[in-house]
Amino acid sequence: MKLHEHQSKELLKKYGLPVPEGYAAFNVKEAKEAAQALGGYPLVVKAQIHCGARGKAGGVKIVKSDEELEAFSEAILGKILKTVQCPNGKVVSRLLIEKATPIEKEFYLSITLDRSNSKILIMASKEGGMEIEELSKEKPDAIIKEYVDPVLGIMPYQTRKLSFALGLNPSLFGKIVSKLYQAYMDLDASLLEINPLVLTKDGDIVLLDAKVEIDDNAAFRHKDIEELEDITQIDPLEVEAKKYGLNYIKLEGNIGCMVNGAGLAMTTMDIIKLAGGAPANFLDVGGGASVEQIANAFRILTSDENVKAVFINIFGGILRCDRLANGLIEAAKIVNIKIPVVVRLEGTNVEEGRKLLKESGLNFESAVDMWDGAQKAIKLAQ
């Protein structure tokens, strides 16, 4: 679950972390009220969307008067802001108005989970303000990595090591890293990114930007944070899928995918790409999907106007092939299927599943294996 910058900063402020004074504004009137509350100019106005690289896309501006604030707010609120990370753009429905911070030096700092060694990874760099993806390509040696054992927690020697590598006061920076680590753990975050973290001209350290992402699997432990989620930043089909406990992520291709199991879903998308096509989504119906869930999954899948063909790839284990077939038959009663559907079934009750589909009268194309299914789906989508 992604949070807006202003929400992330409010959470981090509770841990005693230094963030600029600021207010969220949903319209021009609130933007002006925020400016008045902050005591004047210059101010920084930031578009609040769930995408990085906002500054390069014109989503961040320093304003020095009421006129500039009003003009920028009117120009960007309600508009779609496209960035490198979000080429299709996101609607700007709110702004963050902050006091401008006098910057001496910018740094990068993030905390995430490194699954390869089951440790918490802290990344830092003197190259603040750059996207970490760009930095890893252009200057990989500029990224400092420190691994933390979650059982032991972050140790004093690790905060000192990071401080010395960045050339920052160990006492001041060490406390900030420790508090950020505590916030990361308490919030069940999957990512906590500060870019940039800045050293001011007065020698203070300030979190100039903040991104917090909460692990969806732990959201039930944070009902107050769950309520902060801005569904306007999420694709409507993803919101719909979440209601039925489906793992759905919209992509840019035209081959719809329905698969059971995340690993098989990833493999299916890879095979579609290998065969020269492009998947339109990630959709894992899971092992214990009911007939109703399968029907809703198919309905959501075919609601995407970009989908020109569907590849259903099921290996029946916990999710039996006959149950999947019944779900598809139920979905066909609800959805007027106008696009080609390719089905590959293997595993538990596969013959029963194939028989049900054959006797249903549905015009589904059968595939003998994944490669055959991918090729057929791509051909039918043309």
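Note that Cβ sites are derived from N, Cα and C of the backbone, with glycine treated the same way.
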Substrate binding in Swiss-Prot involves G317, I318, L319; of N254, N260, N363, the partner in that site is N260
Residue from K32, K46, K161, K175 that Swiss-Prot also lists as binding ATP with E98, T101, E106: K46
Taking the domain 'ATP-grasp' (9-240) alone, what is its mean pLDDT? 94
Among the binding-site residues listed here, E98, E106, D209, which has the most company in the form of other Cβ atoms within 10 Å of its Cβ? D209
Return the count of C-beta atoms lying within 10 angstroms of the C-beta of G317 (substrate binding site), excluding that atom itself. 13
Quick one: of K46, E98, T101, E106, N260, I318, which binding-site residues lie within 10 angstroms of N195 (Mg(2+) binding site), measuring between C-alpha atoms? Sequence order, please. E106
Distance between N260 (substrate binding site) and K46 (ATP binding site) at the Cα atoms, whole Å? 41
